[in-house]
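Undergrad: Straight out of Swiss-Prot:
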type	residues	note
COMPBIAS	150-159	compositional bias 'Acidic residues'
COMPBIAS	256-287	compositional bias 'Basic and acidic residues'
MOD_RES	Ser150	phosphoserine
REGION	1-34	region 'Disordered'
REGION	131-167	region 'Disordered'
REGION	186-242	region 'Disordered'
REGION	256-294	region 'Disordered'
REPEAT	64-93	repeat 'ANK 1'
REPEAT	97-133	repeat 'ANK 2'
Amino acid sequence: MSNPSPQVPEEEASTSVCRPKSSMASTSRRQRRERRFRRYLSAGRLVRAQALLQRHPGLDVDAGQPPPLHRACARHDAPALCLLLRLGADPAHQDRHGDTALHAAARQGPDAYTDFFLPLLSRCPSAMGIKNKDGETPGQILGWGPPWDSAEEEEEDDASKEREWRQKLQGELEDEWQEVMGRFEGDASHETQEPESFSAWSDRLAREHAQKCQQQQREAEGSCRPPRAEGSSQSWRQQEEEQRLFRERARVKEEELRESRARRAQEALGDREPKPARAGPRAEHPRGAGRGSLWRFGDVPWPCPGGGDPEAMAAALVARGPPLEEQGALRRYLRVQQVRWHPDRFLQRFRSQIETWELGRVMGAVTALSQALNRHAEALK
């Protein structure tokens, strides 16, 4: 008697068939909701967009081409941008061209710097180093100079060139050693002597070469030491004097702001005593005085007092440096100034000391000054 073949229950079979269909249906529903979320943003219905995301928290706020952050920057829609950042949108998310939201904000020009570029930069500073498919970073689109750590890259290039030169010298020494050893192989007078090993011979040649280079360098320094030493010491003195003036100006500004804060606090207390009925509005002055420790545009220690034309400030910095005849010293001096006034470095160091409503104006002036310094540096090449 043959055993009957096992039968699959009808309920299990229907369940296995429905699982792929249910997953596909859930995916299509999620995609429809994400498209509806983007339509709400485009139509300015931000409350409905936020409510939709609260009902369905698994939606991807960065989905779509172009992504929602890129669209908000292109339409100059600041409320939509703020909502997306609050909902967790990623400023480093790239579209099909490799652009991030910072790339899209940088292409909108100076008008979008405060409302779009700065909020994205504050949320994700690391996105400044992301390049698109054309090899551009957001800073390069804005016209900023090289990053402040370019001096380290130059040092790495110098180190790699030094390694290549040493490898080339080692190869030439090996070839010369082979020629010398082959020339004296048949000389019987040297058979009794201990032959010099290759390592000792190469070390001796390297020492002689280094001694010869040092001697030539000392002779060159001795022939023109007085003017070079004088120019070098003068350039360093100028740099030290400029740094001292920079620190002194910042210290004076802080003292003035501190005195102004104390004076405002005393005036607020004096006005509050005879008029107790108006104590509510007067109570706001100490808080305003507390904000006096932050810099406004005129409080920043610019190269020229109070700021002014970026070209004039750049010319003032160049005038304080070494003379134009000393091209090498002047290039090094300008590199130091480029690092000091680079927008990324300036924002990293002084952002917490500047009034929020003055930040856009200050960074605009710093960017213009950095570009002027870059032009002066390019003119020396």
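Each residue, glycine too, has its Cβ placed from N, Cα and C.
The structure displayed is predicted, hence computed values, not measured ones.
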Undergrad: What are the helix, strand and coil residue counts for the repeat 'ANK 2' (97-133) according to DSSP?
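TA: Across the repeat 'ANK 2' (97-133), DSSP assigns the residues as follows: 25 helix, 0 strand, 12 coil.
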Undergrad: Per DSSP, what is the residue tally for the repeat 'ANK 1' (64-93) in helix, strand and coil?
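TA: Taking each residue of the repeat 'ANK 1' (64-93) in turn, the totals are 16 helix, 0 strand, 14 coil.
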Undergrad: Please work out the mean pLDDT for the residues of the repeat 'ANK 2' (97-133).
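TA: That stretch averages a pLDDT of 81.
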